[in-house]
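A.B. asks: Handing you a structure now.
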């Protein structure tokens, strides 16, 4: 079976994602489509709107055949580690090709840039260090260093988030799986300067913005931009649990943690560096919401995203030690959901897999520590009498199966 | 100035407490009355109904001249440590006498029992160890051991909570301050078998029970049992903050902490012993309220109170190391409130004090770590937009002063 992979967060699934799926199938000619999806906390350091189970269901209803989870160790990381983990899983699953959305939309540019980066890596790293010292953020320093060293205006615009990710996909592919074929399609919708914008496409950011209205959670504005299956799932989740997840639901726990933990405990948390724990503690005392907290800790050096990821790690007690030990290479493939075609694919590749394939998690609880904890902390965003529906779901749930 | 001391929690202040104050003044002939009061978490391992500032005010309005805080290191402990810390503070403040309420009401019995206990301490400790091995709780084992060894039926009934505390006061006094004169008065009201019960006296437990009605917080039933100043303070607190504090407000934080901390982190917490952390973690996954949680962790060996205290320490991250280092002897006298008479008394004894007297706390933040943290965690029980009224109040507030 010819297979293709995609890397997704689906927060939530929308028409742009459907476009990505259809285009991927068309371009690659794949019969089976495999998505590596973040779990309950996402690359930008945010809780997902809905549980990973609900998001896996959305994906399976829209053309994905197999959803595997990008482990916490990779999902809540900067582009390089995130991309590496995702490509490693696609590599382990033996996909023939993969396809990502980007602002550029031109795979040649990605490949050329990746090659140049490889050749001039040392020089770029030196340049990055110089820029970092001026007090700017790492992504900005990297983008400036590349511009200065590569000096080729026709190269990739690495100030764009999906170009950055795409470049990391290509670098990971070159390293892990040179035979895997890479494709990119231009991103549709908000933020992409299309001459004839597709009216039914909005970005996930835009959709979340319209959901979290100052007067409460609203789904009406979302309907034109998502497939019916997504809309149904959103409505069902909201009526079952009374909430869609967002940072403010976790603010009391983050504030509690920052008020109760000793600075030394915070220093042991992944990404907490350079004494920022004191700044975080101080802000936790002064702030009445996550938004206010973030605004008061934000500096030129620390991007919003980096700070949010740090807060996720504080929330889940993810230690430097544990993250360092586990983010070298994924040590398992966790199946969140599949169609019968996805199941058949798994049956075929099963024997060649180098790392354990996990459908029922209870036998692998030690491998999944961080994902289980992330799920349980994610569940704390639900009202107390609803939490049990998600608590320990990693150990209790079987993969979502769609015929 | 002739002075007397009392040890109190005032959760909340009620007519029985007023009786205690008036009797203490009458019996001791004291001109100035000093109360050592628990802060935000109490001896039974519960948050106080109202802040320590509000409770200090209640005390000053009803005849107390000086309120000093029993530090967290002593206030959240078993009777022996609690009593020791409180008597040590009264000793440091040079009070001439102290008076406590008890089920017995006969000071001779306390003194006789304390002496016998001292003489036969070794034998009793051996007996306690034997009983502990049968799987019963420490307080029960101690009570049985004393009965078995002392064999004198006219002795103190040490199954009664206020007799236990009283005995520890006497032991601490004998050790620290043999010249301090001790008095006891029989407790009034609920639980005390008075032939002509005073209709306006109810226990603090009964009062709290009537406040936390299943349909919401109710103050009406409380009015006959508390002085007007207390009732006004309760009403004011409730209308300002929307809540009176109780364990369920802290359940989400406790649950979060038990779901996110590693067993090793929990093992470092004071009172967490014998692998009970696994039992707590398991119950945190299964429970939807603090009540349900407690019911499911309760065993014959662990009393409700001991478990609640353990939960308070988990909530405030109080480590074994820190608690062991600080509970030998109080290292400061923290003034929460005073009348002008209390102020005058302090002025007189100031020069003879052996440990620092703290009115403004900001200069002593290192000494007060645990109290500051307890206050901040206590504040987390308030709605998020009200927390700032209590957060860091230890550093910001001056003592309550009443003319």
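Glycine too: its Cβ is placed from the backbone N, Cα and C atoms.
Straight out of TrEMBL:
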- A:7-20, A:101, A:162, A:187: ATP binding site (BINDING)
- A:107-134: coiled coil (COILED)
A.B. asks: Return the count of C-beta atoms lying within 10 angstroms of the C-beta of residue A:16 (ATP binding site), excluding that atom itself.
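C.D. replies: Taking all protein chains shown, residue A:16 (ATP binding site) has 23 Cβ neighbours within 10 Å.
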A.B. asks: Where does residue A:162 (ATP binding site) sit in DSSP terms: helix, strand, or coil?
C.D. replies: helix
A.B. asks: Provide the three-state secondary structure of residue A:10 (ATP binding site) computed with DSSP.
C.D. replies: coil
A.B. asks: Run through the Cβ atoms and count how many others sit within 10 Å of the one on residue A:13 (ATP binding site).
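C.D. replies: A 10 Å sphere around the Cβ of residue A:13 (ATP binding site) contains 30 other Cβ atoms.
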A.B. asks: Let me check the 10 A CB neighbour count of residue A:19 (ATP binding site). How many other CB atoms are there?
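C.D. replies: By my count, 18.
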A.B. asks: Run through the Cβ atoms and count how many others sit within 10 Å of the one on residue A:7 (ATP binding site).
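C.D. replies: Other Cβ atoms found within 10 Å: 25.
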A.B. asks: Find, for the listed binding-site residues A:10, A:162, the residue with the lowest Cβ contact count at a 10 Å cut-off, counting only other Cβ atoms.
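C.D. replies: Counting other Cβ atoms within 10 Å of each of the binding-site residues A:10, A:162 gives the minimum at A:162.
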